[in-house]
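Database features, via TrEMBL:
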type	residues	note
BINDING	Arg11, Arg12, Ser13, Arg36, His40, Trp134, Arg135, Thr136	FMN binding site
COMPBIAS	176-194	compositional bias 'Basic and acidic residues'
DOMAIN	9-165	domain 'Nitroreductase'
REGION	169-219	region 'Disordered'
Amino acid sequence: MMDALTCLTTRRSIHQVSDSGPSEDEFRIMLEAASRAPDHGGLRPWRLLVFRGEARRELGEVFAQSALRDDPGTSAAAVGRLRGKPLRAPLIVAVVCRSREHPKVPAWEQLASAVCAAHSISLAAHALGYGAVWRTGGLCAHEYVRKSLGVEDDEQLISWMYIGRPRRRPGPGRARSVEDRVTDWRPAEPDTPSHPRGFGRSGERAGLPEFFRRYRRKQ
Ligand SMILES: Cc1cc2nc3c(=O)[nH]c(=O)nc-3n(C[C@H](O)[C@H](O)[C@H](O)COP(=O)(O)O)c2cc1C
């Protein structure tokens with residue numbers, strides 16, 4: 001199995017997968033990875049709906065019906081495409097976020113935890129030699145889809161994670177620079193006025209807030 005850093009630094013979305021899906025043991029590893037997502041307050045703000053085999057056909061039917069309910073005149077071709085969507089992968093995991101009122105953990109943190117769980121599933125899939133792509137689109141929020149799948153009013157369907165063996169060996173993906181996203185925060189010269197919030201422009205010498213300056217003096 002690939003090591004953790006290789007997994008983290010080589011993951012990419014895999015859109016085309018074969019019919020070969022993870023075994024029960026492999027899927028369990030993906031679930032364990034999800035369960036390790038950081039979770040402020042231990043609220044477990046997510047749950048998963050798993051579609052395999054014939055269940056994917058039912059999901060496709062739900063997708064098709066959602067379009068027909070919106071517009072009974074939807075073309076047969078469009079309905080057929082929706083029916084076929086879930087058959088693009090042997091395993092689909094729908095990630096549902098349920099954030100609740102909490103005095104210390106705002107809704108965005110609970111959503112963040114659910115996102116981490118979803119991403120962990122895709123990382124575990126990659127580590128095991130599977131490909132995954134996180135799909136969303138209008139079907140996530142469609143009322144008919146939500147009701148048909150038992151998604152409650154206080155829940156948000158945040159991902160259809162499609163998982164299967166990559167059809168071909170994935171390339172490295174597009175190169176990404178990270179340097180332009182990073183500010184190297186360094187102490188200001190003693191005569192440089194500190195920046196009020198301590199942020200400097202990328203690549204420039206950033207100012208130190210006063211509290212940090214004092215903290216450093218104590219060291
Ligand atoms: C919140 C979210 C929603 C996404 N929705 C879709 C989608 O609906 N369809 C799709 O093909 N990919 C979707 N993606 C996958 C991205 O398109 C994909 O990550 C992007 O193309 C970059 O590819 P990479 O993951 O290989 O870097 C989504 C990713 C995220 C994080």
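Including glycine, each Cβ sits where the backbone N, Cα and C put it.
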Proximal but sequence-remote residues of the same chain as Arg12 (FMN binding site) (Cβ under 8 Å, at least 6 apart): Pro170, Pro172, Gly173
Distance-selected binding-site residues near ligand 1 (C-beta under 6 Å), from Arg11, Arg36, His40: none
Conformational class of Arg135 (FMN binding site) under the three-state DSSP mapping: strand
Least surrounded among the binding-site residues, given as Ser13, Thr136, when other CB atoms within 10 Å are counted: Thr136
